Amino acid sequence: MSDVLLSAQGLRLAFGGVKAADGIDLDVRRGEFLAIIGPNGAGKTTFINMTTGYLRPQAGIITYEGQAITGMAPRRIVARGIARSFQLPQLFTEHTVLENVALAIAAREGPWSPLAPLLRPRWREEAVDLLERFGLTSIAGARADALNEGARKLADIAMAVALKPRLLLMDEPTSGVAANEKMEVVETLARVLRAAQVTAVFVEHDMDVVERFADRVAVWSQGRIAALGPPAEVLSDPQVQRDVIGIERHAAA
Amino acid sequence: MRRTETLLAIGGAALLVLLAILAPWLRFVLTIALAKGVAVLGILLLLRAGQVSFGHALYLSFGAYTVAFLAPAMPEALILMPVAMLLSGLLGLVIGLFVSRYRDIFFSMLNLAISMVFYSLLEKLYHYTKGTDGIRVGVPRFLGMALERDQFEWAMFGTALVLALAIGCFVRLYLASPMGQALSAIKTRETRLEFMGLPARAVLLSAYVLSALMGGLAGSIIAMTTRHVTPLLGYWTVSGELVFIAILGGAGAALGPFLGAVTFELVRVYAAASFADAWQAILGLVLLGVILFFSRGLWGMVESLWRRRA
Ligand SMILES: Nc1ncnc2c1ncn2[C@@H]1O[C@H](COP(=O)(O)OP(=O)(O)OP(=O)(O)O)[C@@H](O)[C@H]1O
Ligand SMILES: [Mg+2]
């Protein structure tokens, strides 16, 4: 079994004149937590979109477990074990949080049973259990459109985790989560993912989170990877400090 | 609310039987109303996904003409009904494979367009369909028995009632199942379904085929009750009527369509008798009132009355 779970080679994608991906080469190692940092518009979300089949790169290939998945439909990529969460939470707004997670479980297990309820005991139990691990028990019965941003974000991630992926791509999992809860939330998330042996790629603007939870950091800049390595090394690089962290501090202030 | 719904369904069924006994001429109207209620249940499934079909008269007329064509060779009501239903479902599968790719106004209009093609075929292929004159349907046997006209009408009323209850139960279970719940997920966040690996098109297609089955079954009941089918049953105004009834009755529960259909048919009969030219205006006003005061239809009205009492 190869050490590399996901591999991107020479990904290119331009929107008009904007090069959102301008030759991305990246290997994601089995079991690691890889953080993606970089200024707004650097192409971080675009990378996730290409990897999950939402966007087809104009050039380059993506392999997962050694097999090409470039340009496959999102549905077929999920089936292989890649799930994602979204920068803007994508919840089913007419459903409760519990039902949202149950729908993800149904998607995983197959929804084709027209007479058994969605909230059948086994699925309900699993959903309740998952929400508990995310600290969302108190809002399990709330409609998804009634949540605050932090809770929406977590519910969105819980749905992705419910798919039991082997690779999880998270787009800014902590944005919208209150500053004083952030570390605890990430702690919990990391525990859940490690326990399930999930490899995680996450876009993150908070350098404290990156420093503490990432095994490696990739720095995105204008559709390219400007630096890649362990957080201690990358985050102390003067150029990264100037180009990314300075901007992040500025944006956060 | 679930137990309430069951009680209301049983109470409503008993009330219909009572009406049919007390006012025999209403039996005909109520049978048609129950049949239309079944067709509207199909509309309700699609509404859950946010999709409005303006062409489901197609399945109504397809089911009706299937009965008209097959009745001479196979004069047995309890065979004609399932055959019409299955053939209609098959047609729904073929058309559904195409229309389930589209959403919103495109979905609505494609259904309308296809139903209008079928309507004009019914009208133009005079050699087979007798055009606008339509086809008379003889009284078929029922469970192998040759019934008197009156007895047959009772049999059709009873069958429609039993089918309405059974299909109502099915739809209620279906809506609570992952398939049904995924329908409203299509309305709110279809792309997320794809990113979870749940094929939205197949979910919508399943509902579409079910709606075609229900439409075909309803059409077969209407054909054997009116015993005369004309292309008019496939005209776009009939499709509009089904949507009208769905909104009137309320899409919140499986009882809504029947509440809507019975109200619709009764208002039509009484308004037409009292104000010959104004019955459409009266129906319009009824719907306007319901929408203004109870946006969730007659069922929403019943629900809130019930809550207030409890
Ligand atoms: N579907 C699209 N159509 C057109 N332009 C797009 C599209 N998606 C992204 N872009 C452009 O590509 C560039 C990269 O966008 P992307 O969303 O990947 O950035 P990002 O790094 O995720 O930024 P942020 O931190 O703001 O989320 C931006 O200039 C963006 O405007
Ligand atoms: Mg982004």
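Including glycine, each Cβ sits where the backbone N, Cα and C put it.
According to TrEMBL, the features are:
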TRANSMEM  B:7-23  transmembrane segment
TRANSMEM  B:29-47  transmembrane segment
TRANSMEM  B:54-71  transmembrane segment
TRANSMEM  B:77-98  transmembrane segment
TRANSMEM  B:105-122  transmembrane segment
TRANSMEM  B:154-177  transmembrane segment
TRANSMEM  B:198-222  transmembrane segment
TRANSMEM  B:242-267  transmembrane segment
TRANSMEM  B:279-299  transmembrane segment
* Asked: Mind checking which residues reach the transmembrane segment (B:279-299)? Cβ under 8 Å, same chain, six or more beyond either end.
  -> 244, 247-253, 255-256, 259-260, 263-264, 267-268, 271-272
* To do: Using a Cβ distance cut-off of under 8 Å, indicate which of B:7-23, B:105-122, B:198-222 has the most pairs with the transmembrane segment (B:54-71).
  => B:198-222
* **Winner by Cβ pairs under 8 Å against the transmembrane segment (B:198-222), considering only B:7-23, B:77-98, B:105-122, B:154-177, B:242-267** => B:77-98
* Beyond the flanks of the transmembrane segment (B:154-177) by 6 or more, those residues with Cβ under 8 Å of it -> 5, 9, 13, 16-17, 20, 27, 30-31, 34-35, 37-38, 41, 44-45, 48, 77-78, 81, 142, 147, 183, 210, 214, 217, 221, 224-225, 253-255, 258
* Using a Cβ cut-off of under 8 Å, list the residues of the same chain at least 6 residues beyond the transmembrane segment (B:242-267) that approach it. => 5, 8-9, 12, 16, 29-30, 32-34, 36-41, 43-44, 47-48, 52-54, 56-57, 60, 164, 168-169, 171-172, 175, 279, 282-283, 286-287, 290-291, 294, 296-303
